[in-house]
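Features as listed in Swiss-Prot:
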- 1-28: signal peptide (SIGNAL)
- Glu175, Asp231, Glu233, Asp267: Ca(2+) 1 binding site (BINDING)
- Asn266, Asn268, Asp298, Asn306, Asp358: Ca(2+) 3 binding site (BINDING)
- 273-387: domain 'Cadherin 2' (DOMAIN)
- Asn278: N-linked glycosylation site (CARBOHYD)
- Asn330: N-linked glycosylation site (CARBOHYD)
- 388-502: domain 'Cadherin 3' (DOMAIN)
- Asn407: N-linked glycosylation site (CARBOHYD)
- Asn578: N-linked glycosylation site (CARBOHYD)
- 610-720: domain 'Cadherin 5' (DOMAIN)
- Asn628: N-linked glycosylation site (CARBOHYD)
- Asn657: N-linked glycosylation site (CARBOHYD)
- 730-752: transmembrane segment (TRANSMEM)
- 753-912: topological domain 'Cytoplasmic' (TOPO_DOM)
Amino acid sequence: MCRIAGTPPRILPPLALMLLAALQQAPIKATCEDMLCKMGFPEDVHSAVVSRSVHGGQPLLNVRFQSCDENRKIYFGSSEPEDFRVGEDGVVYAERSFQLSAEPTEFVVSARDKETQEEWQMKVKLTPEPAFTGASEKDQKKIEDIIFPWQQYKDSSHLKRQKRDWVIPPINLPENSRGPFPQELVRIRSDRDKSLSLRYSVTGPGADQPPTGIFIINPISGQLSVTKPLDREQIASFHLRAHAVDVNGNQVENPIDIVINVIDMNDNRPEFLHQVWNGTVPEGSKPGTYVMTVTAIDADDPNAQNGMLRYRILSQAPSSPSPNMFTINNETGDIITVAAGLDREKVQQYTLIIQATDMEGNPTYGLSNTATAVITVTDVNDNPPEFTAMTFYGEVPENRVDVIVANLTVTDKDQPHTPAWNARYQMTGGDPTGQFTILTDPNSNDGLVTVVKPIDFETNRMFVLTVAAENQVPLAKGIQHPPQSTATVSITVIDVNESPYFVPNPKLVRQEEGLLAGSMLTTFTARDPDRYMQQTSLRYSKLSDPANWLKIDPVNGQITTTAVLDRESIYVQNNMYNATFLASDNGIPPMSGTGTLQIYLLDINDNAPQVNPKEATTCETLQPNAINITAVDPDIDPNAGPFAFELPDSPPSIKRNWTIVRISGDHAQLSLRIRFLEAGIYDVPIVITDSGNPHASSTSVLKVKVCQCDINGDCTDVDRIVGAGLGTGAIIAILLCIIILLILVLMFVVWMKRRDKERQAKQLLIDPEDDVRDNILKYDEEGGGEEDQDYDLSQLQQPDTVEPDAIKPVGIRRLDERPIHAEPQYPVRSAAPHPGDIGDFINEGLKAADNDPTAPPYDSLLVFDYEGSGSTAGSLSSLNSSSSGGEQDYDYLNDWGPRFKKLADMYGGGDD
């Protein structure tokens, strides 16, 4: 089913259904009538009008594709896949939600045959306007109530609500309404208003978002109203959301979308993009020649009559040779010629008054506007250029270039500064060597005869040139014109004093090095090209001589040496030495020229070879670690290598300790002859002889350092290692520092342990009333045994009663005593009989110790971790106190402070 942009199929109005039926029948009729089937899109451009607000998944339009074979698989695609998607049925969907701009949105829909890979394309234009804007006020009044899309139905014993399958149609509201305001539009309600007290509201641009206050709603009745006139050119449609909540603000219905389309009215005149339009047309153009296009725009809906424009020409000035020389396409604004006879020489410009009218050009109801079109008749080349004289004259000094020697003037009746007027000049004779060229002055159209190559007066004293002139474009066909215009240019060459020049330049001389100072080397002279001027004389001088080896005679140019020529000099590059000399005449003005003398120095055997490197290192034992040496000779072949290497006979220790072997023409190896050579530095003389004729030899001294080597043959010189590492004193200092550091650490640990013991001893002297800390003390250390082994067992008799302690002064009480306060009296427990009355002895000793501050234990740190080798006493499990077996009150333990809380809980904690 074909769907019109943005309108669901179930709510299409009758007008849309008729249009849809027409669209569906049109291609079928065409298919039946056509004899041949042509696959593809039926149109190149498909235009559609959609809402300005596009939602993701919204169907926009249906593209038609004509397929001649139903079995073919056609796949559709979009050039903007992020915004638009084309389904298999040709329906274009929006991929995401966005707002269309004021300008039409364009993209390309493509269709591809899966088998043949043939592809067709069609451009789609989306205009941001509502699909239907022509609904009448009668149609609007029919939409009285908008009910939230839910309906009730009975399910067994109770009612249920089900979402309706329909979409609320847009509300069409004409712009520029005169009211009265507020103007009621529609009533929004929920079918649950019978059982609940509801409150209605709308949100969105135009309601609670800018521009706010355009649409209001009665919260009780749901009546939606507009408060002021609307302007379609500012906002073409409003997208509102209606909400229904109960009196507590709880959502009762899902929000519904309400689209209000502003119907366009013809309230804007057409406006031309420019008030004055300029165009050109060549003279003599045939009827139907395109001239220009004028364009006007209308702010009203371009898809309705309000925005459909038509153009026409109101007047033409001048009216020669015909009052209707031009016509205009009433829809596109294209201006073309309709009559012949355009002649620039008679009429150079036409002025047309153009009118644009909307309502498809209806003169009664349409609004119109005018603009001016100025058409300039351009010139064609119907007049050739003509020289103003038959002969032109000029002169030029010799050896000058880029000099204008003559101006050629022409006349042309065509329009200045056009291709039909601009002249081009050609030389048809008199310049076989290309000494001249003719340029065109863009302002005056004159021909500028210019020298491009130097002219020698001694060769040519005068030139007679023949030139012709033509335009940049060829002459128009069918027009009679005179023959091409030509002229003669006579140019005289003026003689000037020219610079002398050396011959040859540069001059090459081959000479062996070692030429003594004062020797004649060569003669280097120059020539004066001025043969027709008064005889001049030349003088020579030296301009550049880097090594200062040469001098030149100022009259005859004879060059002699002032120093010995040395090929090995730093001023010689690649055997070549360069010097520059100057030749000057006495003309007016005086001129000079330079010449370069190149001396190629041939090598002689004047340098003896030397050893390289000058120092080497080897092991003190005979090992395969020979020293590689190289002979270096500044001379070149044949005065250089191959070289001969040998050791001198004196002193004898040289050949006794060393041996040398040549391994190539330039290299040799020096090695020990004996098994061991004491470490040290030795000067080894080596005699090297080159291959020159005569031979040149020299004795070079090689300093060899003999040292101890490791198993890899690398030198392990102890002095070098010590020099590179730490000395003995430094190592001893480091060790002493480490020992001192360890002693300090040990002393610190001992001091920490001693301080901990002192802290523990001080804890016993702290008054528990002043030092109340919830700490757990350890009392299971009993010392190393009893010191007094001589005791009377008969004294260990359990006392009948326990007397209360005497009250001691504050400050002499021990920390292990009970607190000083009146103690309750407890009944004496019956003591079990015990042989020897050990219990009495213990009680008496305990009482005496408690009452005597001088009796042990003293307030000092005692050691109780040694119990001796064994105890002679038997088991103490049968010892009884005077209170054994009886109930005692241990509440006094609670007065001892937090340290004895655990003990108090054990004895006085009640049932626990």
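Quick reminder: no glycine exception, Cβ is built from N, Cα and C everywhere.
Structure with Swiss-Prot features highlighted.
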{"residue": "Glu233", "record": "Ca(2+) 1 binding site", "DSSP class": "coil"}
{"residue": "Asn266", "record": "Ca(2+) 3 binding site", "DSSP class": "coil"}
{"residue": "Asn278", "record": "N-linked glycosylation site", "DSSP class": "strand"}
{"residue": "Asp298", "record": "Ca(2+) 3 binding site", "DSSP class": "coil"}
{"residue": "Asn306", "record": "Ca(2+) 3 binding site", "DSSP class": "helix"}
{"residue": "Asn330", "record": "N-linked glycosylation site", "DSSP class": "coil"}
{"residue": "Asp358", "record": "Ca(2+) 3 binding site", "DSSP class": "coil"}
{"residue": "Asn407", "record": "N-linked glycosylation site", "DSSP class": "strand"}
{"residue": "Asn578", "record": "N-linked glycosylation site", "DSSP class": "strand"}
Going by DSSP, is Asn657 (N-linked glycosylation site) sitting in a helix, a strand, or coil?
helix
Could you give the number of helix, strand and coil residues in the domain 'Cadherin 5' (610-720) as assigned by DSSP?
9 helix, 53 strand, 49 coil
For Asn278 (N-linked glycosylation site), nearby residues of its own chain (Cβ under 8 Å, 6 or more apart in sequence):
Met292, Ala373, Val374, Ile375, Thr376
DSSP helix/strand/coil residue counts for the domain 'Cadherin 3' (388-502):
0 helix, 52 strand, 63 coil
Roughly how many angstrom lie between the C-alpha atoms of Asn268 (Ca(2+) 3 binding site) and Glu233 (Ca(2+) 1 binding site)?
9
Counting other Cβ atoms within 10 Å of each Cβ, which of the recorded positions Asn266, Asn330, Asn628, Asn657 scores lowest?
Asn628
Quick check: of the binding-site residues listed here (Glu175, Glu233, Asp298, Asn306), which one has the Cα closest to that of Asn407 (N-linked glycosylation site)?
Asp298
Can you name every residue in this chain, apart from Asn266, Asn268, Asp298, Asn306, Asp358, with its Cβ inside 8 Å of the center of the Cβ atoms of the recorded Ca(2+) 3 site?
Asp264, Asp267, Arg269, Pro270, Ala299, Asp300, Asp301, Gly307, Met359, Gly366, Leu367
When you measure from the Cβ of Asp358 (Ca(2+) 3 binding site), how many other Cβ atoms are you left with inside 10 Å?
26
Would you list, in sequence order, the residues of this chain other than Glu175, Asp231, Glu233, Asp267 that have their CB within 8 A of the centroid of the site's CB atoms, where the site is the one recorded for Ca(2+) 1?
Asn176, Leu230, Arg232, Gln234, Val262, Asp264, Met265, Asn268, Ala299, Asp300
For Glu233 (Ca(2+) 1 binding site), which residues in the same chain are close in space, meaning a Cβ under 8 Å from its Cβ, but six or more apart along the sequence?
Asn268, Ala299, Asp300
So which recorded positions are near Asp267 (Ca(2+) 1 binding site), with CA atoms within 10 Å, out of Asn306, Asn330, Asn657?
Asn306
Cβ contacts of Asp298 (Ca(2+) 3 binding site) (under 8 Å, same chain, 6 or more positions away):
Asn268, Arg269, Pro270, Glu271, Asn306, Gly307, Leu309, Asp358
Cβ neighbour count within 10 Å of Asp231 (Ca(2+) 1 binding site):
14
Neighbour count first, Cβ atoms within 10 Å, every protein chain included; then name which of Glu175, Asp267 tops the list of binding-site residues.
Glu175
Pairwise CA distance, Asp231 (Ca(2+) 1 binding site) versus Asn657 (N-linked glycosylation site), rounded so that it is a whole Å:
117
Which one of these recorded positions, Asn306, Asn578, has the sparsest Cβ neighbourhood, judged by other Cβ atoms within 10 angstroms?
Asn578
